[in-house]
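Q: Here it is, the structure, as structure tokens.
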Amino acid sequence: MRWAWASAWRGARLCAAVALAMSLSLTAGRRDYKNRMDSMEAKQNSDISLWIDERQVRMFSGISMQVFAILNGHISPYILDPNFSHKLPTIPSEVGYVNFTWRSRKRYQYHFDTLTSSDPKLLKPPVLSIKTQGRVPKAPKEFSIFLICLGNNSGVATFEIGLVLKNGRNIPLKGTPLRLNLKKECAQRGPDPECDKKCANQGWCNEEKICQCPEGYMGQHCRTALCYPQCMNGGNCTAPGLCSCPPGYQGRHCEGGICSQKCLNGGKCIQKDTCECPKGYYGLRCEFSKCVIPCLGGGRCKGVNKCRCPPGLGGDHCEVGRRAGPCPRPCRHGLCRSGVCVCEPGWRGRFCHRTHGSSEESGEFKRPR
């Protein structure tokens, strides 16, 4: 019983790691995510919410935070990402269930309309600890989704979970039905007489001659490392949380590119010698502007002959308005260029304060004598 309990404990911890990987987008840091969740959580008093609670996450992962799939009637943006399922790693064989908590003081009916396995001979369809249809409880209530491998073969199977949520007026919650297609590893768990010799990466052989893997590894002989989130752009997980990146990529998860020359004008290196240019720029290094007429006053090109102007300036090329500069006095109707006022059409004078046709002494400023 001791090894079975230990296996369940490790599975629960890995389960939480999977849930965390699902919840945290690659571009959001833990602090930003927590601050955003804290501000939204204050409103979590009436509409529907679905989450993994802080107690469970802290117990399994050591991180004190809640992980939300739905918060106050809003589905988390990362779940709505069409590529969300492709970004997730395969759920390891040690993970046999995922626990969620939900509640809604508003009336919501739920229906798990899809619970399927792509390979029923390897993985049973997901099993719920609650009915597939019913009402979302008013008070927080936990339920489980069990992922049961048959144990006769080893391999990876895809399973789908579909969830429909409708309010009291029978109107679906925006973003539903949810459709998640995830992958689950199943390992043949028959006894191996040479278990003692084959368990790798500090795995150990239990009483039934089956390898028990430490955190961060999975597989029949604990030879497969786990990375959360998974390595991107063809990178390989060589140790827990460590990706080996292919040529041209870098970063903890191989998410960034390597460019031999720096991308210009705010461009971002996304793969080997390839820049992703902001609006208004193009070229291998984003060195070319789509603005044939240059943007004035420190403006930046944002489209074909369209400039994003700094405060105080306007017009397609930032040619309209006034901006403080190193001129002795503000240019009344023009722009300061290298200490000299460049006047708008129809205006003249040292500070663009005179109209064409006015006398030299007319206007607000007078020439010193």
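Cβ coordinates come from backbone N, Cα and C, glycine included.
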Q: Based on the record in TrEMBL, give the one of CYS291, CYS309 in a disulfide bond with CYS301.
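A: Cross-referencing TrEMBL, the cysteine bonded to CYS301 turns out to be CYS291.
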Q: CYS309, CYS327: which one closes the disulfide with CYS318 in TrEMBL?
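A: Of the candidates CYS309, CYS327, the one TrEMBL pairs with CYS318 is CYS309.
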Q: If you follow TrEMBL, the disulfide involving CYS259 connects it to which of the following: CYS245, CYS269?
A: CYS269
Q: When you check TrEMBL, which of CYS195, CYS222 turns out to share a disulphide bond with CYS205?
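A: TrEMBL says the disulfide from CYS205 goes to CYS195.
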Q: Look at the disulfide annotations in TrEMBL and name the partner of CYS286 from this list: CYS277, CYS307.
A: CYS277
Q: When the domain 'EGF-like' (255-287) is classified with DSSP, how many of its residues are helical, how many are strand and how many are coil?
A: 0 helix, 11 strand, 22 coil
Q: Are any of CYS213, CYS269, CYS291, CYS318 (the disulfide-bonded residues) within 10 Å of CYS205 (disulfide bond) when you go C-alpha to C-alpha, and if so which?
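A: Cα within 10 Å of CYS205 (disulfide bond): CYS213.
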Q: Quick check on the domain 'EGF-like' (191-223): DSSP residue counts for helix, strand, coil, in that order please.
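A: Per DSSP, the residues of the domain 'EGF-like' (191-223) fall into 4 helix, 6 strand, 23 coil.
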Q: Can you figure out which of CYS291, CYS301, CYS318 (the disulfide-bonded residues) comes closest in space to CYS269 (disulfide bond), comparing Cα atoms?
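A: Closest by Cα distance to CYS269 (disulfide bond) among the disulfide-bonded residues CYS291, CYS301, CYS318: CYS301.
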Q: Where the distance is taken from Cα to Cα, which of the disulfide-bonded residues CYS195, CYS213, CYS222, CYS259, CYS309 turns out closest to CYS291 (disulfide bond)?
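A: Smallest Cα separation from CYS291 (disulfide bond) among CYS195, CYS213, CYS222, CYS259, CYS309: CYS309.
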Q: C-alpha of CYS286 (disulfide bond) to C-alpha of CYS309 (disulfide bond): distance in Å?
A: 19
